[in-house]
Amino acid sequence: MTDRLIIQGGKKLSGTLQVDGAKNSAVALIPAAILAESEVVLEGLPDISDVYTLYDILEELGGSVRYDNKTAIIDPTDMLSMPLPSGNVKKLRASYYLMGAMLGRFKKAVIGLPGGCYLGPRPIDQHIKGFEALGAKVTNEQGAIYLRADELKGARIYLDVVSVGATINIMLAAVRAKGKTVIENAAKEPEIIDVATLLTNMGAIIKGAGTDTIRITGVDHLHGCHHTIIPDRIEAGTFMVLAAASGKGIRIENVIPTHLEGIIAKLTEMGVPMDIEEDSIFIGEVENIKKVDIKTYAYPGFPTDLQQPLTALLTRAEGSSVITDTIYPSRFKHIAELERMGGKFKLEGRSAVISGPAKLQGSKVTATDLRAGAALVIAGLLAEGRTEIHGVEHIERGYSKIIEKLSAIGADITRSSTAETNI
């Protein structure tokens, strides 16, 4: 069986969209709970498949997970360092955070190579470099990564590439190491601050999270705590783009505007009216979208995760817009699908040129990854007629209750299951 989203497009939407907790925080906060020696309570977690996969993995390790609505109570007391060869680990890329957490607590881990969205070469060499600097021996045996350490000792680690995953993973491994660790050229994303806040509440000593130099003084023990996750800035940004594309007045609630400066700046440049409050943003109706050029950069630059959704909106803009992805140059698989709907594009190296305005028509399309899926949903809402999106599972990895949320603001969107057919 294959599930599809069916969208009848061309409707103007209005109302309120509620942003959930940050996916990219959740997938690190849940493994971080392994480091504690008593119960950890996480509040505001998103209702997405990656989160449930991590609960299953923690239970495989002997932990207890109770969850209700958006709160998880994780008791890691009886956990053991069991090998995690594949299965659940293969379902999500962020399973690599289990390496840092298990290494930090047990001094050893065996983990199958992680899965998730395929976005071209994205190896974990910086993670491994960090673990080795802390004293771990890392080997790759039969498609699994083996980590072993007699003891972990603080070290000075310079990241050759600014990597959110490596920054968080090294933090997880270093908080219970002996002595001081310094991570230089660290990533500065809000999700890193969120993980550092959780670890600090557990008793870790961390200075400089959110800057390019993070200093950690190792401690022997970490205890449980309560922690509320930050809102998902990528979901918020996606909703802002969707509101600009198809809205006639949409309020987006549970946001931190300072986390959204890149997308706010670009939408303003495109002529999108906005009213920004402390924890909500109102997007007014837009008649004409102005063309823009965008380059993705590491935070606080324009996020690569929003370039695909924005591509769909730019089909409405007058003239030629250029999007350059400096982070993932091959992240343009959605372009071919948008072309099926009548979008006009030209790919040049790591850039896409979007010629507009184009009148999109409903079509059968396939989401190849999470944010491509978001782009196709926005395009489907913009398009005249019926759009059928395959690859729903990609979308649901990162957007919780997307059908319910969009239906509530007037979208005609449903889910349909059919037997496998090739399109």
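The backbone N, Cα and C atoms fix where each Cβ goes, and this holds for glycine too.
Taken from Swiss-Prot as is:
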ACT_SITE  C117  active site, proton donor
BINDING   K23, N24  phosphoenolpyruvate binding site
BINDING   R93, R122, P123, I124, D125, Q126, D305, I327  UDP-N-acetyl-alpha-D-glucosamine binding site
MOD_RES   C117  2-(S-cysteinyl)pyruvic acid O-phosphothioketal
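Here N24 (phosphoenolpyruvate binding site) is positioned 20 angstrom away from D125 (UDP-N-acetyl-alpha-D-glucosamine binding site), judged by their C-alpha atoms. With respect to their backbone Cα atoms, P123 (UDP-N-acetyl-alpha-D-glucosamine binding site) and N24 (phosphoenolpyruvate binding site) stand 18 Å from each other.
Reduced to three states, the DSSP call for D305 (UDP-N-acetyl-alpha-D-glucosamine binding site) is helix. Sparsest Cβ environment among the binding-site residues N24, Q126 (other Cβ atoms counted within 10 Å): Q126. With respect to Cβ neighbours within 10 Å, the binding-site residues K23, R93 differ, and R93 shows the lowest count. Among the binding-site residues D125, D305, the residue whose Cβ has the fewest other Cβ atoms within 10 Å is D125. Take the CB of P123 (UDP-N-acetyl-alpha-D-glucosamine binding site) and look out to 10 A: across all protein chains shown you find 9 other CB atoms. All protein chains included, I327 (UDP-N-acetyl-alpha-D-glucosamine binding site) registers 19 other Cβ atoms within 10 Å of its own Cβ. If you measure from the Cα atom of K23 (phosphoenolpyruvate binding site) to that of I327 (UDP-N-acetyl-alpha-D-glucosamine binding site), you get 19 Å. A distance of 11 Å separates the Cα atom of N24 (phosphoenolpyruvate binding site) from that of R93 (UDP-N-acetyl-alpha-D-glucosamine binding site).
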